[in-house]
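*Asks:* Got a structure for you, questions after.
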Amino acid sequence: MSKGEDKFSSVLKLTEFDYIVPSQICIKPVEIEKSNDSGNSKIQIESDGRYVEISEDGTKKSLEKATITLNDCLACSGCITSAESVLITAQSISEFLLNVNNNNDSNNNQDEKKTIVITLSPQSRASLASHFKISTLSVVKKLKTFFKKLNINYLFDSSFSRDFSLLESAAEFVARYKKTYINNNNDEETGKLEPFPLPMLSSACPGWICYAEKTHGEFILPFISTTKSPQQIMGTLVKYYFTEKILDNNTNNNNNNNNNNNNNNSKIKPSNIYHVTIMPCYDKKLEASRNDFYNDIFKTKDVDCVLSTTEILDLFKEKEIDFLSLEEDNSIEEQFFQLSPSNQFYSINGSSGGYLEFIYKYAAKELFNVDIVEPIQYKIGRNQDFKEVSLEIDGKKVLNFAQAYGFRNIQNIVRKIKTNITTKKDTNSQYDFVEIMACPSGCINGGGQIKSDAIKENKAILLDSEEKYNENVIFRQPIDNQSVQNIYNTWLNGCFSTDSKTNLHTQYHRIEKTTNALNIKW
């Protein structure tokens, strides 16, 4: 197994078992440049490893390495993923530094200069804190110092956009539930499946989404929540809300102070932002590269570059930075950072985003006026990666939720949904919502997190990262986040509104199977 192959989630690696390495054979046809030469030639490997073509007259010609783009991989059904070296050309430290350096060189040309925003995930924050044996707050403050040295403008927290994702997911679930059980009673006579049926499957994990699109296609896609992940919601907020409401205002205020009336020419566009996220998982690079998150008008992606937690360590080495010796910068962007006045992080229970717990409590209140204030008592499956919880009223099960992490549990969920549909089982035996994550133990154990070469040490590292995730936090419900509510009121016209559905929701696409002779093993 190559060094990079364990970076992606297990569901992105095909085989019959949980952990599967990606195939080394890519079936994507490569466009071959036609040559006018009709003579015979042979291919030879040079001492330095280069492949050369030798013609009949002895002339040597170096052969170019066949390459495919990340978008090629996403649009191809030949495999679930490909090797890391194939996938990530524009999602690397070198690309990040190239953009940062180019931006610094454009200081004298304001038309070319971009505002650089970095969004940090709480899982990456916890992993770095565990690795350096410091607090998560110190991690943030030292990162702030480090990024200032690179002339990065802003450091944001993806927990902020997670609150939007939770609220939209919960409202979407309630709408589906009402349509299925209350309004139409699921149209039992015709057996017609609702356009957005139950169970609703969570959508925050890009590894799971990619797997669903390529292996189960049209059957499973209607069940998946249309709500964007926290990463992509932050991409929308940064490129559109932040640009329009904050940066534009600041620019116009500066122009007014300078008696410059040419404000229209100084309007900041989404393409003037370079947005980088730091995530626990390499699959997030796939997500950011989806065409659904590219704006043709402004020619920009919502998230321009994704760096994993481990790549931040590589970045420190590249810049010859002793992270622990960095001073701690106390200036934190209040609106887009989940930090209380007492310097504690606002959080919600669950190191993978807390979708099951939040939606379960939200639905119980909205649908049945039941307040769940006590800790949820889960029924544990064969391991901690599969949990169930249900709500009963007058002896009837009215909500049935599950959490499924890891490939095997995901397969079991998909099989159960298929069985329930084909056999038309009693709805009481079905799930209403399932929180799905590709990685065992969820996002805190993502393939991009900092791990040890000694496998036996990784369990302790995982436990410590989990502790760091819950260190120095205040649990707060997303609905109590006043900054989130302000954006809903001033920009989105409310939760799950038409504007919210336009900006905070997405769609999925069945990837057609292709037949290619290169895929045949003789």
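Residue positions begin at 1 at the first shown residue.
Placement of Cβ uses the backbone N, Cα and C atoms for every residue, glycine included.
Feature annotation from Swiss-Prot assigns [4Fe-4S] cluster 1 binding site to Cys26, Cys73, Cys76, Cys79. If you look up Swiss-Prot, you'll see Cys205, Cys281, Cys439, Cys443 marked as [4Fe-4S] cluster 2 binding site.
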*Asks:* Count the other Cβ atoms sitting within 10 Å of the Cβ of Cys439 ([4Fe-4S] cluster 2 binding site), across every protein chain shown.
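*Replies:* So the Cβ neighbour count for Cys439 ([4Fe-4S] cluster 2 binding site) comes to 26.
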*Asks:* Enter the number of other CB atoms within 10 angstroms of the CB of Cys205 ([4Fe-4S] cluster 2 binding site).
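*Replies:* If we count other Cβ atoms within 10 Å of Cys205 ([4Fe-4S] cluster 2 binding site), we arrive at 31.
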*Asks:* Quick one: what's DSSP say for Cys205 ([4Fe-4S] cluster 2 binding site), helix, strand or coil?
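*Replies:* Assignment for Cys205 ([4Fe-4S] cluster 2 binding site) reads coil.
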